[in-house]
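Here is the structure we will look at, set down as structure tokens.
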């Protein structure tokens, strides 16, 4: 390769490189912004101040709050039912271990009753 062909190559490829560099830079920036989808954690400066994104964020927060409240209600109900069942089992065990021979456990009402009078007793 002659030395005179090097300046000719630079004259041809330098403008191409100058045009290609900003395009390559822009492609990388677009590829990075394409990874920021809804629900992912992305940081942007001043770009999301439009009313639609604020409304979507408000609706998302409201939906999360409603779901959280509903989950708490379901958990409280399950805990309440478990406590009720647990107390009934403890009362049944106490009735069965009672020294009173006339005490028996009534499963329908979940009470310890006296065989003779039918009244509730505390063993």
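Note that Cβ sites are derived from N, Cα and C of the backbone, with glycine treated the same way.
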Of the residue ranges 47-66, 67-86, 87-106, the one that Swiss-Prot records as region 'Disordered': 47-66
For the region 'Disordered' (47-66), residues assigned helix / strand / coil by DSSP: 16 helix, 0 strand, 4 coil
